[in-house]
Every structure is written in C-alpha cells, then in structure tokens.
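See below for the structure under consideration.
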Amino acid sequence: MSPPNATIAILSIGQMGLGIAHLLKAHNYHITTNISSRSPATHSRASAAGITLLPTDEALVADADYILSIVPPRDALATAKRIQVALAAGMREKKTALWYVDLNAISPSTARRMCDSFRENAPGVVFVDGGIIGGPPIAPTTQPPSSTSSQPTPTEWSKPDIPLSGPSPLTTAPISGPHLAQTLNANHLDENIGSASGLKCCFASLTKGFIALSLQSYTTASSLNVLPALQSYLDVYNPGARTKAEKGIVGCTGKAYRWVEEMRQIGETFGEEGGWEVRGRVFREIAGVFEGLAEGVERGGGDRGELGSVEGVVGVLGRGLKEKRE
C-alpha cells in the first residue's frame, strides 16, 4: 500500500465528522481526533472507523497537516481557541503550515472574528472559511445487474458540497491540497473570508427555515384538531410541500439542538451582510422553535417510536408549548 496522504484532524466525530472521516480514509488519508471529553459511544464509533485517537490537543496539532472543524455552531469559536492554545505549547515541529478549515454554520462576521483570532494568536496557521451543504458522505454500493448489463455496477461516493473561501485556496496547500479538495468536493468561491459561511447561511435559511415553519404550522393545526385537513389540502394543492415538510419534521429531532445557534447566525448574516438590520431578527425567533423542540426531546418528551412520526413530533412540541403557557 502506498504511504498515506496528509494527516487530517477532525473535530469532532459526530454524524457529519464521521462520514467525512470514512470518505477521507477511503482515499488514503490518516485521520486523527481528540475526543477525550466525549462519550464512550463516540470513542467506540471513532475507533471502529479506524480513526487515531489522540489524548490532547497539543498532540493533535503536532501531528496534523489540516484541521477540519465540524462542530455545533455554538462551539465553533471555542474550538478555534482550543487549537490556538494548543499551538502555543510549541509542540508542533512540522515545517509546513497547519491549515485550519472551519466548516461550521456560522455567520460571515463570526468567521472573520475567528480568522482575526488566528492572525493574532497563531499567525502561522492558514485559515479557510467554509461550509457544508448536504448530508454526510455515503460510501459506494454495488448495484445489481441490469437489463443492459450482466455485471454488478459499483456506484460512486455520495458527497455533500463544500464551498470554501479566503485568500488561500485549498488546492494551493503543499501537502495533498489538490487531491484533498477534489476528494472533499470542495469549491473555492473567492478570496473573501465570509463568502462561504454566508452562502451556507443563505442556503440553510431556506431548508431549515422551512422546517421551522412546518413545525409551527403542523403544531398549530394539531392544536386546532385540523391537522388531517391541513394534510389533505396539501395533498391537493401542494403535495411536494407536504412531503418536504413531514420529512423535515421527523428528521430534525436529533439535530434541533445544533440548529438553535445556527438560526441565530443566519439572523446575524441577514442583518449585517444583507442589510436587513433588525428585520433580520426573524431568524432569532426561529431559533426558539428548534430550542423548544430540543428541550422536549431532552426532557424525554417522546420515545423513539413517537419521534419517528409526524404526529409524535408535533405532540412532543405541542406538549412543551402547553406546559410553558400553564
């Protein structure tokens, strides 16, 4: 086997981080992480995926060529600070620069603050602004023979899109840069920090914003005992909307806690970058929708079976709203 490509540290190993780790390992990258503070289940998933577990951030920065930050938006700045503190320990002896690729759902102004903090506290780091659009990578499968071929047909990796921006394109990185950009399905937008994170926010406002509206609509219809009628009218006049709404409602329960800060970051993006100012605060209110759902899920407001249906999710959210009113 040929020597591995670059060493890439991924923080952290959630659903998306694990999927990207699988993708990169399949393309001969060495993947590391520090999840010393995470649950035993996370350790088991990372070990099973062949990820090298390092005990400290200092060991992580000493070994890595790249760091991919894929954390809940609320943790993005703190994660960057962790790396800066680790670099200050002086254990890194590699001659090439460490590339820090932030792939979190944050506003352009948050991305610029993060970039400025690296310039001040770790000036040797190359900072790249980014985002992830789409779901985690899915490994290829083998399709059965078709009517036109007697041989099974292997599929390709299903990958999300990764827009990037900043003065240093990933393709210019000295260690595996062009190959890494291609493997990640990365697209460099321009030289401005904030372009990629802003694009991610604009995209998420339409997808996750629609889910928030769906939660409000369905919960209110359920409270009025007209949810079946709403669904029937959607079937007649907008069937695509019903399918999309219900898929989003059921699919968001495990992610709602992550989306609270993301909605606030979207509001910040619209207010500052779009010129909406205080009118951009609509997404600060939308954050409350996901906050309410996350609280209901955390309280054990619904078991796995209940959260697997539209009516169950709506019931959990509706009960939480009722409790707050009483």
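Cβ atoms are placed via backbone N, Cα and C, with glycine included.
Because TrEMBL annotations are produced automatically, they should be read as predictions rather than curated entries.
As recorded in TrEMBL, the features of this protein are as follows:
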COMPBIAS  144-155  compositional bias 'Low complexity'
DOMAIN    8-139  domain '6-phosphogluconate dehydrogenase NADP-binding'
DOMAIN    221-291  domain 'Phosphogluconate dehydrogenase NAD-binding putative C-terminal'
REGION    137-173  region 'Disordered'
Mean pLDDT for the domain '6-phosphogluconate dehydrogenase NADP-binding' (8-139), rounded to an integer? 96
The domain 'Phosphogluconate dehydrogenase NAD-binding putative C-terminal' (221-291): DSSP-derived helix, strand, coil residue counts: 59 helix, 0 strand, 12 coil
Counts of helix, strand and coil residues, the domain '6-phosphogluconate dehydrogenase NADP-binding' (8-139), according to DSSP: 58 helix, 25 strand, 49 coil
